[in-house]
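Chemist: This is the structure, below, for whatever I ask next.
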Ligand SMILES: Nc1ncnc2c1ncn2[C@@H]1O[C@H](COP(=O)(O)OP(=O)(O)OP(=O)(O)O)[C@@H](O)[C@H]1O
Ligand SMILES: O=c1ccn([C@@H]2O[C@H](COP(=O)(O)O)[C@@H](O)[C@H]2O)c(=O)[nH]1
Ligand SMILES: [Mg+2]
């Protein structure tokens with residue numbers, strides 16, 4: 001485990017002027033268990049969970065202007081333009097009194113990361129990275145059964161390729177800043193949560 005940053009972020013963005021922000025980015029490949037573990041963190045530590053993928057799926061469902069473009073990108077496993085995603089995250093953060101956020105599945109590449117910093121004016125305190133072998137991720141996604149348009153073997157392969165090609169620079173960036181907490185994502189959901197729990201328990205005292 002290599003993280004140090006439990007202090008609230010007080011940056012220049014509109015959000016950070018209004019409240020202390022405790023931001024955790026939750027990263028990992030498709031099916032690595034991000035959403036599952038976020039639900040447990042919410043339950044135990046009272047964070048607000050914002051899944052970037054879920055915000056994009058809600059945008060499709062609301063028939064918004066960007067909906068068709070987003071659907072096309074998701075079907076191909078491609079990364080939606082940063083500005084679109086960051087604006088949705090910003091809206092989610094602004095609509096919440098709580099300043100403790102889990103931002104799940106974002107940033108997916110360096111451009112996402114810098115867009116968040118510019119638009120939101122804040123950085124994460126902690127970055128969780130769920131480290132899971134590809135074969136396990138494929139098995140989990142194919143068993144998920146939630147009717148997602150991208151939960152098929154063809155799109156999963158594309159998502160894994162995009163993940164492998166774009167996430168390392170982000171992970172590396174936060175590792176160098178001492179913010180990365182890599183979690184072994186093999187085991188039962190409860191076993192994995194026992195690896196996650198100490199990260200948040202350590203922050204409780206300073207919030
Ligand atoms: N430790 C685990 N062992 C077995 N199955 C798991 C485990 N954790 C999660 N799952 C299951 O695997 C599937 C994928 O998990 P989850 O949706 O949390 O992944 P994710 O990282 O959010 O994926 P995506 O990036 O595609 O949204 C779900 O059906 C979930 O119930
Ligand atoms: O920041 C993001 C998050 C997601 N996407 C697109 O959505 C799908 C599904 O994301 P999940 O995190 O698995 O729910 C992803 O493959 C991308 O196409 C995105 O573009 N940017
Ligand atoms: Mg998810």
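Cβ coordinates come from backbone N, Cα and C, glycine included.
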Chemist: Pick the one from 108, 144, 148 that TrEMBL also lists for the ATP site with 31, 32, 33, 34, 35, 36, 187.
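Modeler: Given 31, 32, 33, 34, 35, 36, 187 bind ATP in TrEMBL, the matching entry from 108, 144, 148 is 144.
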Chemist: Please state which member of 57, 140 TrEMBL lists alongside 78, 79, 80, 105, 106, 107, 108, 148, 159 for binding ribonucleoside 5'-phosphate.
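Modeler: Within the candidate list, TrEMBL flags 57.
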Chemist: Just checking: which of the binding-site residues 31, 35, 36, 105 have a C-beta under 6 Å from ligand 2?
Modeler: 105
Chemist: Using DSSP with the three-state reduction, classify residue 57 (ribonucleoside 5'-phosphate binding site) as helix, strand or coil.
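Modeler: Looking at the DSSP assignment, residue 57 (ribonucleoside 5'-phosphate binding site) belongs to a helix.
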Chemist: Which whole number of Å gives the largest C-alpha distance between any two of 31, 32, 33, 34, 35, 36, 144, 187, the residues noted as binding ATP?
Modeler: 17
Chemist: So if I draw a 10 Å sphere around the Cβ of residue 33 (ATP binding site), how many other Cβ atoms end up inside it?
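Modeler: Excluding its own Cβ, residue 33 (ATP binding site) sees 24 Cβ atoms within 10 Å.
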Chemist: Rank the binding-site residues 31, 105 by how many other Cβ atoms lie within 10 Å of each Cβ and give me the one with the fewest.
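Modeler: Each of the binding-site residues 31, 105 was scored by Cβ atoms within 10 Å; lowest is 105.
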Chemist: Go through 34, 57, 144, 148, our binding-site residues, and report the one whose Cβ sees the most other Cβ atoms within 10 Å.
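Modeler: In terms of Cβ crowding, the pick is 34.
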